[in-house]
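**Student:** To start, I am sharing the structure in question, which I have written as structure tokens.
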């Protein structure tokens, strides 16, 4: 039985106190949650401290909370911030554990079967296990997740029921414990002691939980009774202290007992017979042979090992679900009365909606051509309506809430005031006639003041032509296009901040990590061309890029005023008016945000000094040199992950993949 520690409240630690309109936003959100309001929107302008407000709300309502972001980088940033705010509570990180993932697929036009290929990040796998075990053991839990949280995970009941509970004085033989550990997918390894392993030394069993990376546990027996349980350092074996209760959760999230396994195998065999009969009646003999061979091999592995590669494709049978029934996900590990917060909801909710369709199209092809049983279709992400069925209470957080969020609630809490006193930028609308000369004059003014400029265009050709023109005019300019890899992108932003160049041109400059305080001018070309990047939401996001500088200014070049432009201008003016009034009433003088400039990632070669990426010619490196570079990067990636700098770790991961693809 798992003893759930449910009496520990969230304790927020911060040197800041709520300011601006944060107190009003916090109070409104908390009152609405405690009053039973199901959905509400926190409409927070860029730079107003939305994460701090979210933390205050969590500490006051005291509910287990799931925070969902739309990519790993943002999830990592939020995780780091919440860890600082709640050092005494369980702040967990749950994203896809693949550094690299090529899903299983079949392309009938070329008769090409692509086998699943992946590289699992051990650190993230540990954090995923830490998240699920924390949810089952305690209530003071915040899980920061990507949309991976809506993918199938295995039954929380099986996961909890399979847990091994140990106490000093408990009557259990050493061999019984060893068998129980094997049943929950722990491996015996007396040499290489790592996560998900155990080792045996006489009457002493040492176990390394899947959710830990530095600490393991030593269980000492006296006959058929546990004499003592100690927490130890996994590397040195040094005792940290005694524990009075140890719960060991399975080493994999897909786990089942022997009885359920045989029932599951019987269902798999029945489905196989049915599908083989269908293929043979349609004359699809190759597909039938392919399916029989693969499925029978998987069944043999399940019987002998309790696990097989791709076991998740049989999850419907393992979980005892009906066809079409949604899979268990991370959301099922939470208690019923939990809180969901959706960060950047205008992006994240769109992702949640789109995950299901893409997954089904790929898997249907595998089923049609005999690579998988039809039940594989039920190993899938949740549909949006299935996600909604898990929602007890939800807060959508965005500077520009989407239509979906607005349709879910009329309760909108605004957070417009920035603690720094910074205002939303002033906006000019100018004719596109003579825009190049006008823009050049504006850029030169910024260069003279050591400030930077963003220019956003709608087409690649326009961006390239503008880059060439500005270079001819003597402007230090760069164009950031979609082919640029993550690490190069980070270097470009860094060089812009350092003044290596003064102007950055791009098509979509809304992506994360583009907040540059040195930017005082944002120029929007073709502002009157309605579409994804020129709708009201896209324009407000782009305008926000100039809201980090006290001299922030936006110029829209257009031949007519569109409805989207007018709404974006009106909304910005409304916010600016509120901000000016607040600053005047409280004697606040706006100041440009001060933000440290992170150094470049460098790769240490054995016989050379540290060499940054831009100084290295990877293509001219020998295979051996590239291997050394990869090994050095992997070490630095692990160090970054241990320091909870997942943004840096993700950049290193991307560079490692680039290097591997060169071999």
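Keep in mind that glycine also has a Cβ here, set from the backbone N, Cα and C atoms.
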**Student:** Among 97-120, 121-144, 145-168, indicate the range for which Swiss-Prot gives the feature motif 'Beta-hairpin'.
**Tutor:** 97-120
**Student:** What counts of helix, strand and coil residues does DSSP assign across the domain 'UVR' (627-662)?
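**Tutor:** Taking each residue of the domain 'UVR' (627-662) in turn, the totals are 32 helix, 0 strand, 4 coil.
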**Student:** Mean pLDDT across the domain 'UVR' (627-662), rounded to an integer, is what?
**Tutor:** 74
**Student:** Under DSSP, is residue 44 (ATP binding site) part of a helix or a strand, or is it coil?
**Tutor:** strand
**Student:** Please name the residue among the binding-site residues 46, 48, 51 whose C-beta has the most neighbouring C-beta atoms within 10 angstroms.
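**Tutor:** Neighbour-count leader: 48.
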**Student:** Which residues of the same chain, at least 6 positions away in sequence, have a Cβ lying under 8 Å from the Cβ of residue 47 (ATP binding site)?
**Tutor:** 418, 420, 422, 515, 544, 547, 548, 593
